[in-house]
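Engineer: Pasting a structure here, questions to come.
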Amino acid sequence: ARCQCKLAPRERRNCGYPGISAVECRKAGCCFNASVPGVPWCFAPRPKRVRKVCPSDSYIRINCGFPGITAKDCERRGCCFRAHPAGVPWCFYHRIVEE
C-alpha cells in the first residue's frame, strides 16, 4: 500500500541493487523514490499493522471449539466466545484485520 512507503529517508532499508528501475523495484514488492540523494531509492516498505478482532457477523465465525466448550476453555485456546445466537459456533477464531 502507498502508505507503507511513506518513510523518512533515514528509515529506509535497501531493497534493491544499484541501478534498479522503479518497475523492477516495485515488482519485487519494494518502494521506490528517487527524490532524495544518498539514501536507498529502492527500499523495504513499512510492515503492515494488523490486529486480531472477534468478528461481529455471527455467520462468518469459524469454529474453534467443540459442543459444550466453556468460555474459559475457549479463551484458553486463544479464541473468541459469544454464547449467542443459536445455530452458529460460540467458540470461534479471531479475524486478522489491517489497520
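Even glycines carry a Cβ here, placed using N, Cα and C.
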Engineer: Determine, on the basis of TrEMBL, the cysteine among Cys74, Cys80 paired with Cys91 in a disulphide.
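Structural biologist: Disulfide pairing in TrEMBL: Cys91 with Cys74.
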Engineer: The disulfide recorded in TrEMBL for Cys54 goes to which of Cys5, Cys15, Cys25, Cys80?
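Structural biologist: That record, TrEMBL, gives the partner as Cys80.
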Engineer: Cys25 pairs with which of Cys3, Cys5, Cys42 in a disulfide, per TrEMBL?
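Structural biologist: As annotated by TrEMBL, the paired cysteine is Cys42.
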Engineer: With Cys15 as one half of a disulfide in TrEMBL, pick the other half from Cys3, Cys5, Cys30.
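Structural biologist: Recorded partner, per TrEMBL: Cys30.
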Engineer: Work through the disulfide-bonded residues one by one (Cys25, Cys64, Cys79, Cys91) and point out the residue whose CB has the fewest other CB atoms within 10 angstroms.
Structural biologist: Cys64
Engineer: Of the disulfide-bonded residues Cys25, Cys64, Cys91, which one sits closest to Cys80 (disulfide bond) when you measure Cα to Cα?
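Structural biologist: Going through Cys25, Cys64, Cys91 one by one, the Cα closest to that of Cys80 (disulfide bond) is Cys91.
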Engineer: Looking at the disulfide-bonded residues Cys15, Cys64, Cys79, which ones sit with their CA no more than 10 Å from the CA of Cys54 (disulfide bond)?
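Structural biologist: Near Cys54 (disulfide bond), where near means Cα within 10 Å, the disulfide-bonded residues are Cys79.
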